[in-house]
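Reading through the C-alpha cells given below for one structure.
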Amino acid sequence: MSDSKMSSQDESKLEKAISQDSSSENHSINEYHGFDAHTSENIQNLARTFTHDSFKDDSSAGLLKYLTHMSEVPGVNPYEHEEINNDQLNPDSENFNAKFWVKNLRKLFESDPEYYKPSKLGIGYRNLRAYGVANDSDYQPTVTNALWKLATEGFRHFQKDDDSRYFDILKSMDAIMRPGELTVVLGRPGAGCSTLLKTIAVNTYGFHIGKESQITYDGLSPHDIERHYRGDVIYSAETDVHFPHLSVGDTLEFAARLRTPQNRGEGIDRETYAKHMASVYMATYGLSHTRNTNVGNDFVRGVSGGERKRVSIAEASLSGANIQCWDNATRGLDSATALEFIRALKTSAVILDTTPLIAIYQCSQDAYDLFDKVVVLYEGYQIFFGKATKAKEYFEKMGWKCPQRQTTADFLTSLTNPAEREPLPGYEDKVPRTAQEFETYWKNSPEYAELTKEIDEYFVECERSNTRETYRESHVAKQSNNTRPASPYTVSFFMQVRYGVARNFLRMKGDPSIPIFSVFGQLVMGLILSSVFYNLSQTTGSFYYRGAAMFFAVLFNAFSSLLEIMSLFEARPIVEKHKKYALYRPSADALASIISELPVKLAMSMSFNFVFYFMVNFRRNPGRFFFYWLMCIWCTFVMSHLFRSIGAVSTSISGAMTPATVLLLAMVIYTGFVIPTPSMLGWSRWINYINPVGYVFESLMVNEFHGREFQCAQYVPSGPGYENISRSNQVCTAVGSVPGNEMVSGTNYLAGAYQYYNSHKWRNLGITIGFAVFFLAIYIALTEFNKGAMQKGEIVLFLKGSLKKHKRKTAASNKGDIEAGPVAGKLDYQDEAEAVNNEKFTEKGSTGSVDFPENREIFFWRDLTYQVKIKKEDRVILDHVDGWVKPGQITALMGASGAGKTTLLNCLSERVTTGIITDGERLVNGHALDSSFQRSIGYVQQQDVHLPTSTVREALQFSAYLRQSNKISKKEKDDYVDYVIDLLEMTDYADALVGVAGEGLNVEQRKRLTIGVELVAKPKLLLFLDEPTSGLDSQTAWSICKLMRKLADHGQAILCTIHQPSALIMAEFDRLLFLQKGGRTAYFGELGENCQTMINYFEKYGADPCPKEANPAEWMLQVVGAAPGSHAKQDYFEVWRNSSEYQAVREEINRMEAELSKLPRDNDPEALLKYAAPLWKQYLLVSWRTIVQDWRSPGYIYSKIFLVVSAALFNGFSFFKAKNNMQGLQNQMFSVFMFFIPFNTLVQQMLPYFVKQRDVYEVREAPSRTFSWFAFIAGQITSEIPYQVAVGTIAFFCWYYPLGLYNNATPTDSVNPRGVLMWMLVTAFYVYTATMGQLCMSFSELADNAANLATLLFTMCLNFCGVLAGPDVLPGFWIFMYRCNPFTYLVQAMLSTGLANTFVKCAEREYVSVKPPNGESCSTYLDPYIKFAGGYFETRNDGSCAFCQMSSTNTFLKSVNSLYSERWRNFGIFIAFIAINIILTVIFYWLARVPKGNREKKNKK
C-alpha cells in the first residue's frame, strides 16, 4: 500500500469487514458483549492492513471519505431519531448501531460544512524537553530537620540561575501525530510516559518545558490550546474520579450539556441533544443498563470497577476532544477488555479524525497491531518514534533478539531494562547499552532523518496554512450566545452555573441522607441547647443567661458551615478534571454549589432557630423573631463564604482546618459576650471591628433587650433584717438599674454592659450582608485562579543520614559516566545474564552464609466448599476444590473474574471473615491446621499495604522481629533481613522510605517489599501470592515471576493467582489450578514444557487445537468460556470430575494423607503459639513504630504545635493579665472555657494517622499473626501520649503566663504548687483529647464519622460543663449530663487552681450605689448584709455607699461550683475519665473490629 492510496485488494478487504461488522453489531441495549469473534478477526486483519503503512493527512482524509460512503447512510440529524424512524440511529433501541450512527454523523457534517464546521487537530514537536525543580532522591523531613529543609528549599527557590536545581524529565525528542493516527507510548515506570502525555495535553503545572522546544498543533501554539481550546486537547489520568452519589446517566448528561454546540442543527434543543449524546455513548460503551445506577467509589456502592472505567472513558469522549492523551487507561483491566477499549480508540481515529495517544502496560499483540505509531522512551530519552510495524525491525537491525512468543510491545519495553534485553550473537559489543547511547543511535539512524524531514515539512505547512483562523471559526460556531470567542468553554457562565445547580440537586437526590440528617441534626441540637436555657424568666436574673443563649445561637449558626471545608476537598479533584476538559469554570461551580445549598441552609436554619428561639423564651413577637432569623441566616452565609475561601486557598484539609480553628477562636472571643466591648484591650479592639459575628451578636442583643423592662431579681441590701426597707434605700444589682426603681431597662443594660445601641441594629444587617458579598467574591476569585495541587515527579525518599550514603554510593558507581544506568561500564552481557538469573545465592557476611528456611511439609486440601449469604440466599463460591502445594513448585491459580481465586486463597490461609466453609479438609502433612498455621505461611496480598514512614529495612526488620521465633537472636534476624534484601535486589533502596505515590517507592519496588515482608518471617510452610503482577508493566511482571522462580528453586512452596499471563510468564509455573465460575475446578495438574501437558488435556477432551503462535493461557480461557465473548462447548467441571486425571489427583491426596501423617511432628510448645513474640515485645515494637511515624510526619506535629501555640497565645493575650474585678473573673473563666476550642481540630488531625496504622494492621499484620490486637490498640494509645504531653506543655506556657493566673497564687505563696497542678491539668486535657479521638475511631470505619461523633460529644461536654449554665439553672433532666461530664471536673479544677484565695477589687462601673436611710452610716447599714452575702463597700463623699458584690475570688468560685479544696479530687476524676476512654477504646475495638470465632461449619454427611 502506498502512502496516498489503498489498493483495490485492501478496499475490498475493508468493504467486506465493515459490511460484516455492520450486520453483526445490532446488540441489546441492556448488555455489552463486545465484538463477536468473527468481527474481532475482521478488525484485527483490517488493523494489520491499516498499520502496515502510516497514512498521511491526504490518505487519511481519503480513507474517511471512503468509510463514510461505503455504506448507505441517510446523513440525517440523528437527534431527531423519533421522527426519522430509524432504529439504528436510536440509542434507546435494541437495534442501535454505533458505527452506523458515527458514519451518519460524518455524512451530516459533510452535507453542510459551512454550518457544522467540523475540525481536526494533529501535533508535531521538535527538541521537546521537559524539566523539573527537584531531584530523583531526597530526604524525608522529620520534626528536627523539617524547618531547616523548608528554609533551604526556600533559599534555593530564589537562585534562579542555579542549574543544579533542575533535572531533565524528558530529553530532547521529536515526533508528529496526524489526525486519524493511533499512537502508543511505551516505557517502563519512570521513563517519562506520563510527562510526555501531560506535555502534549498542555497539563504542565509542576514541571517546565524547555525554551528550545517547538510544539505546534497544526499551527496552534500550546498557549493557544491552554487559553482558548483547552477542551480540544485533554489528558485522561488512570484514576476514575466521579461524584459517587450521581448516577451514570446524570454524570454523562451533565458533561454532554456543557459541550452541547450551538450549531447542533435547527429545531434541536439543548436538552434533547445532551440526552441523546449521553445515550449514544452509554450504548456504545455498554453502560445503558447502568443509567440509573450510582457511579460509586471504593466506599460507596455503585457500578463495578470496569464499568466505572467506562464511565470515565465516556465522559472524556463526550468532551469532543480532537487530541486525547490516555495515561495507562487499561491498568487493572484484563487483556480482552483492554483490547476492546483500544479498538474503540481506533474506530474514533479512523472515522472521526481524532488523534488518540495511549500509554499502556502489558500490551497484547492483537492490541499492538491496532496502533499506527509507537513512541519508545528510556529514562526520559526517546529511542524510537515511527510506524508501529517498523519498530521491531528497527531494533532487530540494531542487534537485539526478540524471544519467541514475546509480544512486540513487551520486546520494545524490555529493551529499556538491561536485565532483560538480549543481543543477537555477535552483537554483544556493538549494541548500545545506556539510554544516551540508544538515543545517539536513534538520532544517527535513517529513520530519524526521515522523521525530521517530515517534521520540517509539517512545520512549514502549518505556517502556510490558515488552520488558526479555520479552527477559531469552528470553535466559535460551537459556542453558545454570551460566550466570549476567546473562551475555551462551549456554554456561557450563566449556563454553567445553571447546569451546576441542577447537578448538585441530583447529588442530593442520590444521597438524601446528608441534607436530611443535617436538618434533623439541627433540630435535635436546637432542642438540646435550648433546653439548657429553657423558658428564661422575665427578670434581671436572666440577663446573663439570655446573653449566653444568644451568644450560643450566634456561634451555632456561624460555625455550622465549618465542615463545608471537607466537602470542598471531596469535590476538588472532579472540578479540576472538568476544568481541564473545559466543561465549566471553577468559579461557576463555586457559585452553583452556594446556590444549590440555599434550600438546605434555610431548612437547617429554621429547624434550629425556630425551636431555640421560642424554647429559650426570647421576645415573642413575629417581627422580632423574623429579624432574629434574618440575622442568623446572613451570619451563616458570611461564615460559609469565609470558610470556603480558606478551603479554596488551602492544599489540604489539615492545612485548612488549622487557620479555620484559630479564626474561629478569634471570632468567639471577640464577639462581644466573652469579652464585652468596654473590656476589650486596646491593642485588640480592631478584631471586633472586622468580626462579622460581633455585628450579628450586637443586633440580636438589641433586638432582644431594646425597649423592654425587666423586673429586678436581686436587691442590695436584701434578706433578713431588710424586709421593711424602702426601695429608695435599695438598688438592683443589674447593670443599668436606677436606685429606687423595681424595673430595669433593657436599653440601659445594653448601653452599660456592652455599649450596644438600637441605632446599630439595621446598620449591622447591612454590614453583615456586605461581609457576605465580600467573602463570596473572594471565594469565587480564589476558586477560579487557584491552580490546585502541583504535580510531582517520582522521588525516592531517604532519611537524611542515609541519603548522603546513597549519593556517595551512586556517585562512586557512576563515576565517569553521568548517564550510566544500572549496568554501567563494560559489563559483558553473558555475565549480566548470569548475574540476573543466578539462583544459587548466598549472603556473605560476618557469620558466613545465611540459608533459606528448609520446607519439607506439604499442604493439601480436599473437597473445599465455601458459601456466603447474599440477599438471604446461600450462594456457593467454592465447590469441592481439591489440590496441593509442594515445596519447590509454583502453582498458578487462574480463572475468570469472580471465579473465586482470591476466595480460595483466603479459605486456604484461614483469612475469610464472612461466609462459611461448609465442607472439605485442609491438611499439613496429613494433620489438621493448628493455631500456628497463619504465622507459618506468607501471604502476599494484591494491595501493597505498608506504613509510608517506615524504611524498607525497618519494615522487614519489624516483620522479622515479631514473626520469627523468639529464640532467634536479634543479630541473626538482622542478618536474615540483609539476606532477603539482596535476594530481592533491594540493596539500592534498602534505606529508602516506603512513602506514597510519587514520593517513595515505585510500583515494582513496593511489590518486592510486600514479598520481602513475608519472606523475612521465614514461612516454614508455603507462600501465597494474590495477583502479584496486577497493574505492573510487562517487564516488572516478568521480574516478579523470575523472583518467584528463584524462591521456588530455594525450596519454597508457592501458590499464586494470576490473570491472563503471557506465554513467557506462564512458562515459569509448574502446575495450574483453574477455576470456572462458581468456584468449580476445570483443571488441576502439571503445565509441562510450553504448557503442553495442559494443552494436551483440553485437546484430549474436545477442545479445538491450540495454534502454535497462540498464548496457551489465552487459548485456555477461550476454551473454557472465561474470555469475553467466548462460550465453552461443554461443562469442563463435569469433564474434570469424570476424567482419569481427577481420579489420579484424588488418589495422590489419599496417598499423601496416609503416608505423611505417619511422619513425626514438631512437639516444640513454642511452635504452636499463636504469636511468635511475647506480648510485651509486641507492645514495645508497635509503640516505637507509631512514635517514629509521628516523628517522621512533621506536617502533623508542626500543624499540631502551630494550632496549640497560636490558640493559646491568642487566648492568653486576649485576656492579658486579667484583673480580679467582676468582669475580669468572668474573663478568666471564659479564657479557661476557650482553652478547649482546639479539641475538634486536634482530633481531626490525629485520626488519619490512626487509620493508616489500623489499615496496615487489619489488612496485613493481623491475618499474618504479626502481633495481637491488644498490642496494636495499646501501642496506639500510649504512643500518642508523649506528643500530647509535649504540646500540652507548650500550650501551658503560652496561655498560663500571659493570662496571669500565677498572680492569684502570690498572696498565699503557692505559685509553684498551683502552677504544677495547672500544668498537669492542661497536659491531661491534651491526653484526654487523644484518647477521646481514639475511642470514637475504635469502632468507626471512616475517620469522618469518628470526627463527627467526637464533635458531637465535645459540644455536649462544653454545653453542660457549668460555664454557660450551672446546675442551679439546668433543667432536672440534664443534671446527669453535668455530673457525668469530664469537662465539669476539669473546669472546676482549673478555675479553683487558677483563681482561688485572692482578693477582688471591683472596677468603678461595677459598683452599685446604695443610699442608706437617714442617720445610718454605710457600715451599720450594710454590715449585716455583707456577713451573709459577701462583698465590700466604700463610702462616697456624698454619703452614698459604693457596694461591690465580691471581696474574694472564692465567692466567684462558689457561684460556679468550683471549690479549691476539691481541686485534687477533680483532677483525679478527670484522670479517671481518661482511663475510662482507654478501657472503652480497648473494649469497643475488640467488639467492633476483631474477628471472633471461625468460619468453618461442616455440613453433616
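Note: Cβ is positioned from N, Cα and C throughout, glycine not excepted.
Keep in mind that what you see is a predicted model, and the values were worked out from it rather than measured.
Per Swiss-Prot, the residue annotated N-linked glycosylation site among ASN535, ASN1138, ASN1304 is ASN535.
Record note: of ASN481, ASN724, Swiss-Prot gives the feature N-linked glycosylation site to ASN724, with no matching annotation on the rest. Looking at the stretches 1167-1187, 1356-1376, the one that Swiss-Prot records under the feature transmembrane segment is 1356-1376. At the 8 Å Cβ cutoff, the transmembrane segment (1467-1487) and the transmembrane segment (1315-1335) share at least 3 close pairs (sequence separation 6 or more) and count as touching. Sequence-distant contacts of the transmembrane segment (1230-1250), counting only residues of its own chain at least 6 positions beyond either end whose CB sits under 8 Å from a CB of the stretch, comprise 653-654, 657-658, 660-661, 664-665, 668-669, 674-675, 1189-1190, 1193, 1196, 1199-1200, 1203-1204, 1207-1208, 1211-1212, 1214-1215, 1218, 1276, 1280, 1291, 1295, 1299, 1322, 1325-1326, 1329-1330, 1332-1334, 1336-1337, 1343, 1346-1347, 1350-1351, 1354, 1358, 1361, 1363, 1383, 1387, 1390-1391, 1394. Outside the transmembrane segment (1196-1216) by six or more residues, the chain places 143, 146, 654-655, 658, 661-662, 665-666, 669-670, 675, 681, 684, 1190, 1227-1228, 1230-1231, 1234-1235, 1237-1238, 1241-1242, 1245-1246, 1249, 1283, 1287-1288, 1290-1292, 1294-1300, 1326 with a CB less than 8 A from a CB of the stretch. Sequence-distant contacts of the transmembrane segment (765-785) (same chain, at least 6 residues past either end, Cβ-Cβ under 8 Å): 575, 585-587, 589-591, 594, 630-631, 634-635, 637-638, 641-642, 644-645, 648-649, 692, 695-696, 699. In this structure, of the glycosylation sites ASN535, ASN724, the smallest number of CB atoms within 10 A of the CB marks ASN724. With a threshold of 8 Å between CB atoms, the same-chain residues lying at least 6 positions outside the transmembrane segment (655-675) that come near it are 547-548, 550-551, 554-555, 558-559, 562, 565, 569, 642-643, 646-647, 684, 687-688, 691-694, 697-698, 701, 754, 756, 1199, 1202-1203, 1206-1207, 1210-1211, 1214-1215, 1227, 1230, 1233-1234, 1237-1238, 1240-1241, 1244-1245. Highlighted: of the candidate stretches 514-534, 549-569, 598-618, 623-643, 1281-1301, 514-534 has the greatest count of Cβ pairs under 8 Å to the transmembrane segment (1356-1376). Across the fold, the C-alpha of ASN535 (N-linked glycosylation site) and the C-alpha of ASN724 (N-linked glycosylation site) stand 31 Å from each other. The average per-residue pLDDT of the prediction over the topological domain 'Cytoplasmic' (1-513) is 80, rounded to a whole number. Remote same-chain residues near the transmembrane segment (623-643) are listed as 553-554, 557-562, 564-565, 594, 601-602, 605-606, 609-610, 613-614, 660, 663, 692-693, 696, 699-700, 703-704, 761, 764-765, 768-769, 771-772, 775-776, 778-779 (criterion: CB distance under 8 Å, separation of at least six residues from the stretch ends). Using a Cβ-Cβ cut-off under 8 Å and counting only residues 6 or more beyond its ends in the same chain, the transmembrane segment (1281-1301) has close neighbours at 1187, 1190, 1197, 1200-1201, 1204-1205, 1207-1209, 1211-1213, 1215-1218, 1228, 1231, 1235, 1315, 1318-1319, 1322-1327, 1329-1330, 1394-1395. In the three-state DSSP reading, ASN535 (N-linked glycosylation site) counts as coil. Secondary structure at ASN724 (N-linked glycosylation site), as computed by DSSP, is coil.
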